[in-house]
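Novice: As listed in TrEMBL for this protein:
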type	residues	note
ACT_SITE	Asp49	active site
ACT_SITE	Cys52	active site, nucleophile
ACT_SITE	His262	active site
SITE	Glu237	site 'Linear diubiquitin binding'
Amino acid sequence: YKPSIAPEMDIMEYCIKEWRGNTPVAKKMKKGYEAVSQKFASIRRVRGDNYCALRATLFQALSQATQLPSWLQSEDFTMLPGKLLSKYDWIKQWQLKQKLGRKAGEISDEIKEYLMLLRKKWKNISEIKAPNEKQDACDELFKNEEEEYRLYEALKFLMLNTAIELYNDDKNGRRVPVFSWLLFARDTSSNPFQLMHNHLNQIGHSGGLEQVEMFLLAYALQYTIQVYRLYKYNTDEFITLYPNDPKEDWPVVTLITEDDRHYNIPVGMCQETML
């Protein structure tokens, strides 16, 4: 079984290997990679199976975690599936990977297990002090296919919970971030049920995360996701932040994409000053 995050490779070597031609697109990509290489030395390729945005974000968050986020510490964190299912019967249609047609109780128990696994892994990895040991623990986790997919189901469920909160806030006249309007302005997700049915259930199966869902992921994790979007090189959107007005106390993870569909991970921050 191949690990889902490939080993480090020099960022410019990777670029030259991927973009050999001299087309306008290749030139733009090379310029984009050069710009990223001012900040990061290497790149790690992420397996592309429609989970790559979740995979890259979670890997980056865990590999720099030094403590358990406050939302993961709360007492009622693992009660979330039961609580939501008691209010919203339609969550029974949540589609777990390769498992369809579940009873409500089973779904609730299973997702609760996944949330507990997320908390356990995050806690264990954040307690490792030595950077190389922390990295080894992350690599090990992302070699275990079954655990990995359980963690993505947990993330998707947290995204649904966040979407429900935003939707209800908006309906009750509370202020919501702009992306929340955009999320529910789509024909395919005018409410949380449609969002689950047409989008979240498809992640990892027939589709990945769309732009507006990157905001939702950032809000669910309370992380700022900074993305180098190489095809936007030389525009204001070359470095995009999700959300674009990040909270000051949110940690930042950095990803890299050539097309807003597949995400890889830049690693090895370059020292600004060389001795």
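Glycine residues also receive a Cβ, built from the backbone N, Cα and C atoms like all the rest.
Nobody curates TrEMBL annotations by hand; they come from automatic prediction.
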Novice: Could you list the residues of the same chain, at least six apart in sequence, whose Cβ is under 8 A from the Cβ of the residue listed as 'active site, nucleophile'?
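Specialist: Same-chain residues close to the residue listed as 'active site, nucleophile' (Cβ under 8 Å, separated by 6 or more) are Val46, Gly208, His262, Tyr263.
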Novice: Just the number: how many Å between the Cα atoms of Asp49 (active site) and Glu237 (site 'Linear diubiquitin binding')?
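Specialist: That separation, Cα to Cα, works out to 25 Å.
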Novice: Cβ atoms within 10 Å, counted per site: which of Asp49, Glu237, His262 has the most, among these recorded positions?
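Specialist: Top count of Cβ atoms within 10 Å goes to His262.
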